[in-house]
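Trainee: Got a structure here, written out as structure tokens. Questions coming.
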Amino acid sequence: MGLSAEQLHDNTVSSAIIMIMGTLGILVNLHVIVALRRLKTFGYAFGRICMSHTVANFGNAFVFTCYVAPITLINPEFHKSYLGIRAGQLLILFWNASVLSHFLTALNRWVVMYFPLKYENIFTNRVTDCAIIFLWIFSICQVIPYFSPECLFDYHIETFTFLFGSSPCSIVIGTYTDYYFSIFMICSIACLDLMTFIKIHAMNKTVSLSIDTQKRRRKEVKFFFQAVCQGVAFMTELVSFFYICLQFENKWIKFVFTTFAWLTVHMTDGLIVIIFNKEIRTFRVFTGHSTLYASSSNEGQSTAATTRARTTTTANRT
């Protein structure tokens, strides 16, 4: 079926927006992935969990940029084919992995605050790796029903967004394994964050703290607020996708509150990690080092050189 000139134009515009936002998401999250591998900014557990949801963010951006947008430009009808529908399946997989990774992050921060002395024994390297592997396997299992032609989550070029099908299977998985599951996980994350915040508030009333303890506490509080901002971003996207978009009929407004919001939240998630961590913010991919450390090193060398010069001058005067 041929498309009108207006439809072709709209497809081009929507694809261009998806490609731009998706490319930004790929670059931002790729920066975080490389930085996490090179730097020792986080501890083992928090770093691995952060890597998990960053990889999920990268996957979402990649599918939109390299699969959804090109198909819309080249052959929109391919979205209705069996292979074309796999895009929605992959996006659900990465979305679930991202949400579960954020839940693990919230749990990690909660344990740090409530069981600081037992933290190393609870979040061991083995436990962390097993938890991350489990959440990815669980995410894969959740999208297995989408292999059935009766369970659809496909892209509609009429509104430039992904929608669940009208079959019983599509309704069930869309309602329970996606919507209710996401709501449950976001609420669980919010509860853990609230309890963690209460603990932080109580700990701030402690008067006497050593310098090392103060530094460690500031770092943990920073990681907590990083996790909170990421959780708020995902909650906003969830409300936007399932509630706000339903209040409008205009396809471009629907596009903004669904596909555009979906792309934005995964890019923002990576940006939050960069904003909250100076080492990652100053990391240079091509050199593999952070300019923060280089600056500190240069300052140290400069101080040492100045000290030597003063010593030499004093000796000459003597």
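Cβ coordinates come from backbone N, Cα and C, glycine included.
As listed in TrEMBL for this protein:
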- 12-34: transmembrane segment (TRANSMEM)
- 21-277: domain '7TM GPCR serpentine receptor class x (Srx)' (DOMAIN)
- 55-74: transmembrane segment (TRANSMEM)
- 94-115: transmembrane segment (TRANSMEM)
- 127-147: transmembrane segment (TRANSMEM)
- 179-202: transmembrane segment (TRANSMEM)
- 223-246: transmembrane segment (TRANSMEM)
- 252-276: transmembrane segment (TRANSMEM)
Trainee: Give residue numbers and ranges for long-range contacts of the transmembrane segment (55-74): same chain, 6 or more residues beyond its ends, CB-CB under 8 A.
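Mentor: Sequence-remote neighbours of the transmembrane segment (55-74) are 11-12, 14-16, 18-19, 21-26, 29-30, 33, 84, 87, 90-91, 93-95, 97-98, 101, 155, 157, 160, 259, 262-263, 266-267, 269-270.
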Trainee: Mind checking which residues reach the transmembrane segment (12-34)? Cβ under 8 Å, same chain, six or more beyond either end.
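Mentor: Sequence-remote neighbours of the transmembrane segment (12-34) are 50-51, 54-55, 57-58, 60-62, 64-66, 68-70, 72-73, 157, 160, 255, 259-260, 263-264, 266-267, 269-271, 273-274, 280, 283, 285, 288.
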Trainee: Where among 94-115, 223-246, 252-276 do we find the most Cβ pairs under 8 Å to the transmembrane segment (179-202)?
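Mentor: Between the stretches 94-115, 223-246, 252-276, 94-115 has the largest tally.
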Trainee: Which sequence-distant residues neighbour the transmembrane segment (127-147)? Criterion: at least 6 residues beyond either end, Cβ under 8 Å.
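Mentor: Result: 44-45, 48-49, 52, 85, 88-90, 92-94, 96-97, 100-101, 104, 153, 169, 173, 177, 181.
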